[in-house]
Amino acid sequence: MPILSKLNKRVRARVEEDDFEHFSQESASDGSELGEEDEEETDDSDGSTSESDDGSGRDGDESENEDLESDSASDANSDITSSLNNISFGALAKAQASLGKRKRSTTLTADIASKRPKGPSRSPPAPSSKEDQKYPNATKPPQKLSHRTSKHAPTIQSSRHAVTRKRTVIENPAIPQARDPRFDSVVLNHSTNGNPSIATNATIHASKNYAFLNSYRTEELSQLRKRLQNLQREKSKDTHDEREIERLKRQITSMSDRMRTFERKEMEREVLAGHRRKEREAIREGKKSQPWFLKKGDVKREVVTRRFTEMSGKEKQRALERRRKKIASKEKKEMPWARRGVE
């Protein structure tokens, strides 16, 4: 077979061979062959025109010749396909090695160009924004994280945030908290032989156990007031005395407020205890099936009424005046600045 014999030949590529000359020679040889075929066709066509007047017999001969030519062409194609099927891979490798790099690159580029869709060539867009100029080689510029809707919303963090490589080997010790044994439920639980009612109401039982401290506080408060009165009577313009007077005033107000809060809490406990006692008696007598629990607002209202009934005339006036000033200052804070100066 001619193709196998050609492929099995040892072919050595020329080093200084120019591809352009090779292709030009091939094209020239192809052109000469095509020219000869064209001349033959023209001769045939001239002969056919001259013989067209002879009759229908010659037309039949021409059709038979065309059939013979088509049969010969099909036989040649079948021979080529059969020879190509029998080619070994070694022969194909040798043929590929014999071809130059330029020929292979040109054929590859021609194949790629033929496969590409025909249309207007699109050049890559020039970097217009700052992000494109900052990241020219990146496929997608980094997206900026959106801001939070409010300061209470959770913060947004990128998943590409690098994790810290520092590791806490020894954690900081916990900050020790001050624990007063007078108000500690653990201490009271051990001291009362494990009575759960005392452990839960530790502050109540601690206040009962240390009720004598209130008498000490009242005595100290009276001594501070006497000392303040003595300093104010002297009316000295010494800066040291003025500072001492201010310090005593602050200390007296803080102690009096603390005593007032203790009294209010004690009164709240008395109100709750009296209400629970009444509810238990009503359930025991059958007047009620379930107890009624007071709310915090009801307890506070009951405490205010008790304090107001126990006050004297002057104390009531002072309390009402303080209440009025408190409400007025609250309303003034809610008032706009334009109206505050008028009133």
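Heads up, residue numbers simply count up from 1 along the chain you see.
Cβ from N, Cα, C; glycine included.
Here's what Swiss-Prot has on this protein:
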type	residues	note
COILED	214-266	coiled coil
COMPBIAS	33-54	compositional bias 'Acidic residues'
COMPBIAS	61-72	compositional bias 'Acidic residues'
COMPBIAS	310-320	compositional bias 'Basic and acidic residues'
COMPBIAS	328-343	compositional bias 'Basic and acidic residues'
REGION	1-82	region 'Disordered'
REGION	94-181	region 'Disordered'
REGION	310-343	region 'Disordered'
Remote residues contacting the compositional bias 'Basic and acidic residues' (310-320) - C-beta distance under 8 A, at least 6 residues beyond either end: none
Within the predicted model, mean pLDDT of the coiled coil (214-266): 88
Secondary structure content, the compositional bias 'Basic and acidic residues' (310-320) (per DSSP, counts of residues): 9 helix, 0 strand, 2 coil
Summary of DSSP states over the compositional bias 'Basic and acidic residues' (328-343), given as helix, strand and coil counts: 11 helix, 0 strand, 5 coil
